[in-house]
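Student: Sharing a structure with you now.
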Amino acid sequence: MCAALRRNLLLRSLWVVLAIGTAQVQAASPRWEPQIAVLCEAGQIYQPQYLSEEGRWVTDLSKKTTGPTCLRDKMDLLDYCKKAYPNRDITNIVESSHYQKIGGWCRQGALNAAKCKGSHRWIKPFRCLGPFQSDALLVPEGCLFDHIHNASRCWPFVRWNQTGAAACQERGMQMRSFAMLLPCGISVFSGVEFVCCPKHFKTDEIHVKKTDLPVMPAAQINSANDELVMNDEDDSNDSNYSKDANEDDLDDEDDLMGDDEEDDMVADEAATAGGSPNTGSSGDSNSGSLDDINAEYDSGEEGDNYEEDGAGSESEAEVEASWDQSGGAKVVSLKSDSSSPSSAPVAPAPEKAPVKSESVTSTPQLSASAAAFVAANSGNSGTGAGAPPSTAQPTSDPYFTHFDPHYEHQSYKVSQKRLEESHREKVTRVMKDWSDLEEKYQDMRLADPKAAQSFKQRMTARFQTSVQALEEEGNAEKHQLAAMHQQRVLAHINQRKREAMTCYTQALTEQPPNAHHVEKCLQKLLRALHKDRAHALAHYRHLLNSGGPGGLEAAASERPRTLERLIDIDRAVNQSMTMLKRYPELSAKIAQLMNDYILALRSKDDIPGSSLGMSEEAEAGILDKYRVEIERKVAEKERLRLAEKQRKEQRAAEREKLREEKLRLEAKKVDDMLKSQVAEQQSQPTQSSTQSQAQQQQQEKSLPGKELGPDAALVTAANPNLETTKSEKDLSDTEYGEATVSSTKVQTVLPTVDDDAVQRAVEDVAAAVAHQEAEPQVQHFMTHDLGHRESSFSLRREFAQHAHAAKEGRNVYFTLSFAGIALMAAVFVGVAVAKWRTSRSPHAQGFIEVDQNVTTHHPIVREEKIVPNMQINGYENPTYKYFEVKE
């Protein structure tokens, strides 16, 4: 009976084995269920397909999509599910766990679906779920059923797949099948249920054809041409319409609160980092776990920030397939988040199927921690002797798993700050590693310079690579964050438009029509359309402001799409007013009021009055006005930049000129100093020779005075003017002789020469010269001016002695000063020590030590000796305090 039951279980679980598309896990349910499939290929746009109740994939060309590109956004996928299955209550979607081969793809614009004969593709479809849908999992004999539920975790399909695989791996088992638990958002859930089986569980091996296709490749969503279907009442199954006037007023106040903050949102859009156009993978990083960052971030709906156009889907797991050299089996290393909830660690699971056809069994993928655990504790792994390589990656930011449209703006801002801090920490780690390598290089250079130089080259190359990788990673993360924010803002705007249109159409069809309800719903629709318009204009202005000529080029390429989007919004406004005109009574009451309301909304955009009209020319004029303003700002910035550059060059030239002038003055000063030194050196020999001549003359003049004796000296002293008279007489004789010689020379020129006169003149001159040389000269300060102006030898000796005495006096002064200061310091220190000791004594504190031996007649015990010391420190007997309190 047990064998029959086992066979029955194996037959019932055959559909599970057939769904092994990725060699990891099986699907949960083979029965028919609503599903849609989307094919996204570069350069090709295909219509999505849905699974009919007959089990065939069908393309319905009448069901329009929300954009010109393939469906990537979760909200768009959910909307298409609702369109494909209008009779079902579709509230959520989830990615299928296996691939299906689907053909008959129709390109966008095809007119007949029967003629579409596109080649078959392996696609992973999306399941359209109801309010709550739990899959039944088969539990074969020897396997275990378990589930993980954490209300604080709102994770996508892939993340819970990893969590279940890790939980099975901890038990030494492998995950056989799994299913999602309670949903907490669009395509995000708060738990997983799974079945774990032994690693060597016997099951039939099946050859499965697998193709490596991404589920949702990262790309920008061009939402510029979001189409508002005005007359399709099947777009949504909920309505904000209420027949209660109070509820309408509350909804209206909420929308007005959002619109009042719209200017702040648009202004903040320019200051927000738009990210880099790079959409490549962000590379490896080592940030902390998601468990460390688990806060709820709040922000109002009015804080929707209009960022740059283009949005990316949620962070998906990117896998790398590689061949294990030891065993030849294929292993997978993840470039995705790896986090562990409180119940179990997370192990990666594949998102892409391998390319080659091969016989596979259900072997779970291993994360870095799980692989290390298996390598250490189990030696018979199915993938070979060694653990598969895995790349450690940071956990995803909570922003990607927590979404509330009312708090989207604040969550985005907090996530931006968190991303900047994480990037700053990574840069700090890289710089620290660089410092360590630099120290190592300095040590190596002392031992082996050649090896050190080679090491430095490798080190520099690796550092440059690391810095570049960090920059690319940071740009990719910023772009991913901005793209997700853009996606959520656009989805929220579209949701508001759909809800407002549903409310408006229901209010118009109400019998009898309620003018107040129609007015409120139409105002809500007009505000939603205006918000979409403000978003388009803000994005266009952001492109203009994003980077000078490059931003202008990007805005020029985006202008046609922006203009078309504005025209579509104007067309929707006109259609809504046309719908109102079909009801003359309502139109007569509120038509003029609604027209004024439209103009009031348009006036909030800082648009000239001539451009408020809803026409293509007016919209083009608005875009041209923005472009002209930005071009004027760019030209002004360029002019200011050139002027600043010229000022800097002028200041640099002035500084250079001042520097040259300073150098010239310094050179001139040095030249003057050198010239003065040379002049002093040349004057020193002249002065010494002059002094020696003066000394010789003084000695010669002193000799005649000594020969005359004391009598002559007395005569000279008695008649001091005698020498002066003689010198004047000698000077007159000399002048007379010179005059005679000169007259004689003049007479020689005459034709007649008197020889006798010449002879007499010569004799007179010779006699005068002989008489002048024989007569001694008197020492006089006018005669020897140079000798009297120079210092004598005795004065120089006296100056040297005076300088030596002054130097000795200064030394004595310094010694006495130092001794006095030291003595004063010693006195102060002694006084301070004495005061400190005095203050520490009990007598100074008002206590008097009592001799216990004198006052008492009984011997003193040890405790009683301690009591006085305790009382000094403030001790009070508790017995006394007790009686005092009692009294």
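In case you wondered, yes, glycine gets a Cβ from its N, Cα and C as well.
The shown structure was predicted, so the numbers you read here are calculated from the model rather than taken from an experiment.
The following feature annotations were taken from Swiss-Prot:
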SIGNAL    1-27  signal peptide
REGION    30-133  region 'GFLD subdomain'
DISULFID  C40-C70  disulfide bond
DISULFID  C81-C128  disulfide bond
DISULFID  C106-C116  disulfide bond
DISULFID  C143-C197  disulfide bond
DISULFID  C154-C184  disulfide bond
DISULFID  C168-C196  disulfide bond
COMPBIAS  246-267  compositional bias 'Acidic residues'
COMPBIAS  268-292  compositional bias 'Low complexity'
COMPBIAS  293-321  compositional bias 'Acidic residues'
COMPBIAS  329-352  compositional bias 'Low complexity'
DOMAIN    395-597  domain 'E2'
COMPBIAS  681-699  compositional bias 'Low complexity'
TRANSMEM  814-834  transmembrane segment
MOTIF     875-880  motif 'YENPXY motif'
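Help me see these features in their spatial surroundings.
Tutor: Summed and averaged per residue, pLDDT over the region 'GFLD subdomain' (30-133) gives 81.
Note on C70 (disulfide bond): other Cβ atoms within 10 Å of its Cβ, all shown chains, come to 21.
Counted within 10 Å of its Cβ, the other Cβ atoms near C81 (disulfide bond) come to 23, all protein chains included.
Residues within less than 8 Å, Cβ to Cβ, of C116 (disulfide bond) and separated from it by at least 6 positions along the same chain comprise T59, G104, W105, C106, R107, A110. Secondary structure at C116 (disulfide bond), taken from DSSP and collapsed to helix, strand or coil, is coil.
Under DSSP, C197 (disulfide bond) is assigned to a strand (E or B) in the three-state scheme.
Under a cutoff of 8 A between CB atoms, and with a sequence separation of 6+ in the same chain, the neighbours of C184 (disulfide bond) are A151, C154, S190.
For C196 (disulfide bond), the same-chain residues that are 6 or more apart in sequence and have a Cβ closer than 8 Å to its Cβ are C143, L144, F145, D146, A167, C168, R171, M173, Q174, M175, R176.
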Student: Which residue counts does DSSP yield for the region 'GFLD subdomain' (30-133) in the helix, strand and coil classes, in that order?
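Tutor: Taking the region 'GFLD subdomain' (30-133) as a whole: 14 helix, 28 strand, 62 coil.
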Student: For the disulfide-bonded residues listed here, C106, C154, which shows the highest count of neighbouring CB atoms within 10 A?
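Tutor: The most densely surrounded of these disulfide-bonded residues is C106.
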Student: Non-local Cβ contacts of C128 (disulfide bond) (under 8 Å, 6 or more apart, same chain)?
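Tutor: Those within reach of C128 (disulfide bond), by Cβ under 8 Å and sequence separation of 6 or more, are E33, P34, Q35, I36, L78, C81, A84, Y85, R88, I90, I93.
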Student: Between C197 (disulfide bond) and C70 (disulfide bond), how far is it from one CA atom to the other, in Å?
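Tutor: Checking the Cα atoms of C197 (disulfide bond) and C70 (disulfide bond) gives a distance of 39 Å.
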